[in-house]
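Participant: In case it's useful when we look at the structure, here is the feature table from TrEMBL:
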BINDING   A:126, A:127, A:328, A:329, A:445, A:446  K(+) binding site
TRANSMEM  A:21-39  transmembrane segment
TRANSMEM  A:51-70  transmembrane segment
TRANSMEM  A:82-103  transmembrane segment
TRANSMEM  A:148-173  transmembrane segment
TRANSMEM  A:194-216  transmembrane segment
TRANSMEM  A:251-273  transmembrane segment
TRANSMEM  A:285-305  transmembrane segment
TRANSMEM  A:336-354  transmembrane segment
TRANSMEM  A:404-425  transmembrane segment
TRANSMEM  A:432-454  transmembrane segment
TRANSMEM  A:466-490  transmembrane segment
Ligand SMILES: [K+]
Ligand SMILES: [K+]
C-alpha cells in the first residue's frame, strides 16, 4: 500500500511493474487461502484440498510473475502504470480467488466457472451478491473464503482510495489529501505509517465486532464470518436469510453500529487516536449522519403507522435496513420490499448514495453529493446574478475547479453507466425491476437488488450467465470509481 | 414573442409586467377556443357551449388582468420578471385551457378537475399523455382543443427557447445565439422578423403535413388533428390505438418524416430559406440523424431476426417508433413493449435523449449530449495528461465555461429530478416500471410510458389523482428546462 509516485518523465507504458506488484499481491492471496484450509481441516471437511491446491497455484503463479517481471520500483510508477495497476490487480486477484471455489467439491460453484467467478468478484469488490442457495448448509471453508475476500477487498479499497486515487486525480480524494498534508505534516509523517495505522484500526474494529457478535448471539464461526463482512460493509452472510437468522435486537443494533463504522473515512480514526478532536468536524460525517437520522426516523414512523410495528421494533428495523443500504453493506433482517412501493422507491434511491470517501463503502459517495449541492447552488445564483462570482466552498476552503469538474463528470458518468448496464441487462432478457436494481446494486456494491428474483430475500443464482458477467463488470467498474476502468477503453491510453 | 430585454438596474420584482403579458396570452387562448366552438356547432354537438363559455371566461380574465396590470414594457423585463414569466404564463394558460374540458358534457373530463387539468397540461407541454379512454368516440370539439393546445404549446416552446432562455442563460441556446448574432447580423436583423418567419414555417409544415395525411389515408378532421400534433412532436391522437388505426405504410412514413421535422431547430429552416447552405452543417442535426440511423437499423434487424417481420415492414415499424420516441412525439403504431425486454430497455433509454435545442421536442436534447461527450473526453484526457490544456470545441469554436457548467449541471439535475419524481410516484403506490417510465415520459414530454398501465397501449386514466398532479408538475418542469421552474423554489429568488 505504498504511495504511487510517478517518475517525472512521461515514460512509455512498460507493464512490468504492474505485473510485478500484482504478483506480490497474489502471494498475499495464496497465504490467505491457508485459513480456509485450516478451518476445513479442523472441521474434517475434505474440501481443504481445493483451498490448498488453490493456494499452491496462486503462489506459483505469483512467484513466476514476480520472477518474470522483477524490476526496480524505487523510481515509482508512471501515471499510465498506476492507472493500469488498479484494474489489472483487482481482476487478477478476483480470478485467482475464484480458483478454490471452482475446484471445490461444492456443487453450486464447482459446476460453473461463471458462478465461481461471480462469487469471487462479488466478494473482492465487497458487493455481497451471492449465487449460493443454501448458505446455512454450505461448507465452512467456502463461507470463510467468501468472508475473507470481502475483508481483503475492504482494506484494499481503502488503500486504493488513499494511496492511488489521489495521485491519479480520481475520486475527489485529492482534496482531502491537500487538506491533511498541509494541516498535519508532522502528525502523520509518512504514507507507510498511515497505512499501518489504518490496517491496525481495521483489524481492531473487526475483532471488537466479532467479539460483540459472539457475546450477544452468534456461535464463534458465524461471529468471525460476519465481523469480516460487516466492517468491510460487504454483506456476505452465512445464512440465506442473512442477519434475519438471529432474532436478537441487540445483535442488530451492534451490526448497525459496525456497518456505520466501515462507512466513515478511516483516516478519521487515525486522527482521533492522535487526539485531533477537530477530525470530528468533517462535514462528510455530519452530512451522512443527518441523512441517516432523517431517513431512519421517516421509515420508522411509516412502519409504526402502516406496518403495525411497535416503536422499538420499528426503529431497529428502520435503522438496520437503512444503514445497511446507505453504507452499501447489503445485510437484511427482513425483506423490506414487502413494505410497499413507497419503501421500494426509497431504498432504490438510497442505493445510489453510498458512504464517505476513503471508507469501505461504495456508491456515489457523500462527498460528491455535497459538491454537487454546492455546484447546483452556485449555478442557480449565477442565473440570478449573471455578473456575480460565487466561490464554491467546502470544509472552509474554495473547491478547486478540477475537483468540481471531476465530481460533476463522475455524477453524469455514473448515471450513464447505470443506464447502459440496465439496458444491457434487459438485453439478456431480465425484467425491468431486476435489471434496474441489479445495475445499481452492482455499481454501488450494495449486493441485493429489488424484486422477487434478486431482492433481499432472493438470489443471483437463477440469472443467465451473460447477466452474471455483466454484473461482474459492473461491480469492478463501480468499486474502482469508473474512471480507472473506463480509461482503459480510451484509445489515447494505449498510444504513445 | 418579443425578446425579453432587461432594464439595466436590478429592479425589485414588480410582478405587474408578468401578469400583463400573461393576460395578453389569455386573449389569444380565448380566440383559439372559438375553433372548437365552430367545429362543434358545425357537427351539431351541443358541447360548443362549453367552449364558448370557456372562451368568454378566459377573455374576461385576460382582459381584467391586462387592465389591472397595464404597464409600459418598453423598458423590458428584469431578469427576475423574465424568470417568473415562463412558469406563470404556462401554468395560467394550462389552467384556463382546462376550463372548457371541465365544464364540458364529456363525462371523463367533466367529472374530475384533475383529469381536465392533466389533459390540458399534457396538451400544452406537448407531452401527449391522455386520461381519455375511448378517443375514437370522443366529441370533435374536445379532440380539436387537445390538438390545438399541443400546437400552441409547440410554437410556444420554440418562442421560449429563442426569445427567453438565451437571455436567462438557460438551455445552452446562448451559444447558438452568439453564433447566429455575429455570423448573420444583417441576414436576420431582428427577433420580430425571426419570430414571424418561424411562425410561418410552423404553419406551412402543419398545412403540408395535414394535406399529406388527408391525401394518403385520413378523413379531413383526423388529418387536421394529427397534423397539429405531429409538427409539434406532441402526440395526441384521435384514436385509442393512435396511428395504429390507419394500417397504411405511406402514412406512417409521412408521420415519421414530419415528426422529425419538428425535432430540428426551427431557425435552421429560416436559414435554409435565406440560402444559407451551411446551416445544414449544424452538428446537432448530424448527430441526431446518425443516432436515429444506427438505432433504426439495429431495431429493424432485430425485428427481422426475432420478430418475424419482412424487411420493409420491420424498417417502417422501427423508423416510426424510434423517431416517435426520440423526437418525444409519443405516437404508436404498435405496442413495442411486446417486442421483449431488450426493446423495452432500449426505448426506455431513448426517452431521455430528445431532439434538438430550439425545436418542439423535449428530453435532454442532442446538444447537451454532445457537450457532455466533449466534457467526458477532456476529463479522461486530463487524467492522462494532468498538465495538458484541452479546449472543448463545439461547432468549430471553444465552448464557454458557463455553457459547459450549465450543461453538466443540467445533466445531473435532470437525473436528480427524474429519481425524485420516480420515488414520489412510488410513494403514491405506483409500481416500479410504471413510476420509472411515467417519470421520464413526463419530464421528457414523450407521453406514453411503459408497462401494462401507461404503456403505448395503455392510458393514464386509472392513476390516482396524486400521481396525476405529480406528473403535471413533471411535465411543466421538463418542458421549461428545469431551471426556470426550480429557481422559484430558491429562497434568494424572492429576496431583495
Ligand atoms: K455490499
Ligand atoms: K409528446
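Including glycine, each Cβ sits where the backbone N, Cα and C put it.
Just so you know, TrEMBL annotations are computer predictions that nobody has curated.
I'd like to know what surrounds each of these features in this structure.
Facilitator: For residue A:446 (K(+) binding site), the same-chain residues that are 6 or more apart in sequence and have a Cβ closer than 8 Å to its Cβ are A:127, A:128, A:235, A:325, A:328, A:329, A:330, A:351, A:362, A:363, A:440.
Residues of the same chain lying 6 or more positions beyond the ends of the transmembrane segment (A:148-173) and with a Cβ under 8 Å from any Cβ of it are 1-6, 29, 32, 35-36, 79, 82-83, 85-86, 90, 97, 120, 123-126, 128, 191, 194-195, 198-199, 202, 206, 228-229, 231-236, 262, 266-267, 357-360, 365, 367-368, 371, 402-403, 406-407, 410, 479-481, 483-484.
Through the fold, the transmembrane segment (A:251-273) approaches residues 154, 158, 162, 176, 180, 184, 187-188, 194, 197-198, 201-202, 205, 209, 212-213, 216-218, 226-227, 230-233, 243, 279-280, 282, 284-285, 288, 292, 316, 319-320, 323-324, 326-329, 331, 333, 355-361 of its own chain, all at least 6 residues removed from its boundaries and within a Cβ separation under 8 Å.
Counting only same-chain residues 6+ beyond the ends of the transmembrane segment (A:285-305), those with a CB under 8 A from a CB of the stretch are 260, 263-264, 268, 311, 313-315, 317-319, 321-323, 326, 339, 342-343, 346, 350, 353, 355-356, 366, 369-370.
If you look at the transmembrane segment (A:404-425), the same-chain residues 6 or more away from its ends with a CB under 8 A from one of its CBs are 169-170, 172, 352, 364, 367-368, 371-372, 374-375, 392, 434-436, 438-440, 442-443, 467, 470-471, 474, 477-478, 481-483, 486.
Beyond the transmembrane segment (A:466-490), the same-chain residues lying 6 or more positions past its ends with a Cβ under 8 Å from any Cβ of the stretch are 83-84, 86-87, 90-91, 94, 114-115, 117-118, 121-122, 125-127, 129, 131, 153, 157, 160, 165, 168, 170-171, 362, 410, 413-414, 417, 421, 424-425, 428, 430, 438-439, 442-445, 460.
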Participant: Within 10 Å of the Cβ of residue A:328 (K(+) binding site), how many other Cβ atoms are there?
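Facilitator: Its Cβ shell of radius 10 Å holds 33 other Cβ atoms.
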Participant: I need the neighbours of the K(+) site defined by A:126, A:127, A:328, A:329, A:445, A:446. Which other residues of that chain put their C-beta within 8 angstroms of the C-beta centroid, in sequence order?
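Facilitator: Other same-chain residues with Cβ inside the cutoff are A:125, A:128, A:233, A:234, A:235, A:330, A:361, A:362, A:363, A:441, A:444, A:447.
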Participant: Could you give the residue numbers and ranges of same-chain residues that sit at least 6 residues beyond the transmembrane segment (A:82-103) on either side and whose C-beta is under 8 angstroms from one of its C-beta atoms?
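Facilitator: Distant Cβ neighbours of the transmembrane segment (A:82-103) are 4, 6, 13, 15, 17-19, 21-22, 25-26, 29, 33, 36, 50-51, 53-55, 57-58, 61, 109-110, 113, 115-117, 119-121, 123-125, 142, 145, 149, 156, 160, 164, 167-168, 472, 476, 479-480, 484-485, 487-488, 493.
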Participant: Long-range neighbours only, meaning 6 or more apart in sequence with Cβ under 8 Å: which ones does residue A:126 (K(+) binding site) have?
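Facilitator: Set apart from residue A:126 (K(+) binding site) by at least 6 residues yet with Cβ under 8 Å, we have A:150, A:153, A:154, A:157, A:232, A:233, A:234, A:235, A:328, A:360, A:361, A:362, A:445, A:479.
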Participant: The transmembrane segment (A:21-39): which same-chain residues, six or more beyond its ends, come within Cβ distance under 8 Å?
Facilitator: 48, 51-52, 54-56, 58-59, 61-66, 69, 73, 85, 88-89, 92-93, 96-97, 100, 140-142, 144-145, 148, 152, 221
Participant: Please report the number of other Cβ atoms within 10 Å of the Cβ of residue A:127 (K(+) binding site).
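Facilitator: Around residue A:127 (K(+) binding site), other Cβ atoms within 10 Å: 33.
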Participant: So if I draw a 10 Å sphere around the Cβ of residue A:445 (K(+) binding site), how many other Cβ atoms end up inside it?
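Facilitator: Taking every protein chain into account, the count is 32.
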